[in-house]
Structure formats: structure tokens, C-alpha cells
Amino acid sequence: SVGFKAGVKEYKLTYYTPEYQTKDTDILAAFRVTPQPGVPPEEAGAAVAAESSTGTWTTVWTDGLTSLDRYKGRCYRIERVVGEKDQYIAYVAYPLDLFEEGSVTNMFTSIVGNVFGFKALRALRLEDLRIPPAYVKTFQGPPHGIQVERDKLNKYGRPLLGCTIKPKLGLSAKNYGRAVYECLRGGLDFTKDDENVNSQPFMRWRDRFLFCAEALYKAQAETGEIKGHYLNATAGTCEEMIKRAVFARELGVPIVMHDYLTGGFTANTSLAHYCRDNGLLLHIHRAMHAVIDRQKNHGIHFRVLAKALRMSGGDHIHSGTVVGKLEGERDITLGFVDLLRDDFVEQDRSRGIYFTQDWVSLPGVLPVASGGIHVWHMPALTEIFGDDSVLQFGGGTLGHPWGNAPGAVANRVALEACVKARNEGRDLAQEGNQIIREACKWSPELAAACEVWKEIVFNFAAVDVLDK
């Protein structure tokens, strides 16, 4: 009979459509689905498509007032995950009209909203998203991108060097500024506010901005190189955040910083727009990411958070080190490093990339390697990340036995030695330690650093690894 028929019907009758041909304008998602016992995978995949688009738990008569065929998400393919019991990859296609233009916030509210608390699923993880060019073009993206940043800084042909000022909390503004000066004077390109430095009683933001700007200009004058300090503009309200960014611009500094996950995508996109309009570079820290991305069966993979950041806007983002103290398997890390930097990335399941991604003209983001790295890691980092990256040594600079400036000198000498060796055709993976030892002969600072950190390793297996 025609007309409204009340009652509950299975999701898969409406939302599981294996015959569907995906459109170029669809947003495609790959979900790792772990259904509850007794729930067939088709029903679980269809439930994800329904609950993250037009569906609800029962038939409603207002369905008759719209075209569900036009607006519904569709689960169009399901694959069993090899080597895992009761895990499936469900592919879902979303029509573009479901999403507001230029809003990462709206995209995530749909795709990773209520559906993650759905009772029929034991666990759910968003592994990857394909953002169609039609949607990419509605975003400004990074304020400047890799090439414009190099032109602003006049630094080419090598990775950039940074350092997070430690201890991260407790220093006064003047002492903080002094540490910034010493690191920049020693040869680093950037120093960085820690992500939790905002405006606390021991150091208010305005005092920190002033002393850091003074340090920066002094180091610039003495070295003849352009220097930067990531001034953390993250604040409790968007208005306060923009106020801090305005003050940074008035001081004439080149770069500010934001914690994009704790601050939120709306705040981040607002700041990115301000930065492009006012010539500021934007460094992004990913505090809170491991809460979301570290478990293999539930949450959102970091490659999705990285894509979202490229859309929302940021010129640098922390992306793991492969060799330091923080999580990150090599192939997975290189997969999302490519997604940050390149214009076009082919599907490659061996690196965890589920979809071919075309960024059209969206600028690239520099990946930042940071966390437990020191001079002995320099050859590996140079080889893994290449020139378009920022290598950040916090303890690896400030922990030098002779002080901050010699720590910076050691890092700069090690980097220049690795870049020179690579350009001469030497194999950094095989000869790395030899290259560093040779450089020690003419740099006592580097020799001292090598002696201190020769035994330090962080040998733990990664939690989030590729499927077999």
C-alpha cells in the first residue's frame, strides 16, 4: 500500500546499497566496525550510514516530505579485516548536500557524531575520509602553505629546526625570553611555546609575547637570519584568542600557534582566516589527539584529523617522529605526512590510505617531528621527513650539558652535516652515525651532545599498527 507505514525496519533495507556507484562529489568514509554479537555486518554498516546521515531508529512520516534517495548516506561496500575477529571495514558515501560549505565542524558533527555511541556497535573507528574537490574548494585551508613560508623565512633546501622551551610551566616571562634568545642565537629557526602555556599566574600572555619578541629581534640582528617563536594564542574564548593574535601581529612577529583539538575547529578556522589576512604563519599543536586516535578499534585515525586540519587551516602540525618517545609507526606516519604536504595522494593500503585524495589547489602543511628526539636521530629524521618538515628538539636542545645556545649549535651542525651528506649521495640510513661522528670532530658542542644522549632509546612497540 502507498503512504506512511509506522514501525521499525532494518537499516540495511534502506541504507545498505552494494550496487551504488560513488559520485565524484560524494564524501567517502572508511569505518572500522566491530558489531555487537548477533548483529550482521551489513546491518552494522547500514546503521553507521543511517545514523551519520538522515536515519533514525523508526520510520517517521516526515520522510515523505523529502527525497531520502538524494540525501541519505549509503554503505556501499563491506570488507572483513584479516586477522581480526568480528571487525569489518564499512565504506560509506555521503551526498555533498548534507554538509555546510567551509565547515569542518559541521562535517564532523555528522560523520563522527552520535553514531559513535550507537548500541548495536561494540566499537567504531573512522579510518579515512575522501574529501571531494568540490568540497575542498569551499575551504581556505592553510594560511600560507609550504612555499610561501619558505619565501617569508628565506630558508631553502633543508628541514627547519625548532625547540620547545622547557620547563614547559613555571618560568617567568623574562627568563623564558632569555631561553628563547639563546636557542635562536645558537642556530635554530624557531622556538615554541608549549601547548599548555596560555596565560597563567606565573607568566601572563602579554609579558611573554613582549619578551619573546625582544629575544627574536636580538637573535635576528646578531645572526642575519629570520627567526620565529610560536606564540600560543590559544585562549578560553575566540575573542581572546584573536586579541592575542592581533597583539602578535602588532609586535611584527612572523608566527603564532594554536591547539586545534582542545580549541576546536571553529576557533581554529577563525584564527587561520585572521592569519592569512594579516600575514601571520600558524603553527598547530595536536594536544588531545591520542585520546581520539590511539586505540585501533575505536575513535578517529590521525590521518583524518590531519586532513581536517589542512581544510581548517594551519601551516605546521605535529605529526609524530617515528623515532622518538611518542606513538607513530613509519608507514602510517609517512602516509599522513604525504596527505599533509602533497597535492595528490594515491590510494595505498600498505600505508593506511584508503582513498585517493586530490587537494586541488589547497596549500600544503609542514609536518613537525617533535618528542624525545636528539642529535643521534638527525640522520633518520632527515631521511624520513625530507626537506619540507620542521624538526623540534626540546630536551634535545635545552638538555645540553653546556647550556641552551650550545644545544642549538649541536642541532644545527648535525642537520647541516646530514643535509650535506645526503646531497653528496651518501646513505643516511646506513651511514648516519658515521656522518654525525665526523661532524663531531669540528664541533665540540655536537661532540658533547653526542656523549650525553648516546644511550637514550624509547623502545616500545606502536599500539596503532597496520592490518596484516
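Cβ atoms here come from the backbone N, Cα and C positions, even for glycine.
Per Swiss-Prot, the substrate site holds Asn114, Thr164, Lys168, His318, Ser370; the candidate it also names there, chosen from Arg286, Arg294, Arg341, is Arg286.
A distance of 9 Å separates the Cα atom of His285 (active site, proton acceptor) from that of Asp194 (Mg(2+) binding site).
Neighbours of the Mg(2+) site: apart from Lys192, Asp194, Glu195, residues of the same chain with C-beta atoms within 8 angstroms of the site's C-beta centroid are Thr164, Ile165, Lys168, Asp193, Asn196, Val197, Tyr230, Asn232, Met257, His285. The shortest Cα-Cα distance from Lys5 (N6,N6,N6-trimethyllysine) to any of the binding-site residues (Asn114, Thr164, Lys168, Glu195, His318) is found for Asn114. The Cβ of His318 (substrate binding site) lies under 8 Å from the Cβ of Ile284, His285, Arg286, Pro367, Val368, Ser370, Gly371, each on the same chain and at least six residues away in sequence. The shortest Cα-Cα distance between Lys168 (substrate binding site) and any of the recorded positions Lys192, Asp194, Glu195 is the one to Asp194. Candidate recorded positions: Lys166, Arg286. Fewest other C-beta atoms within 10 angstroms, Lys166.
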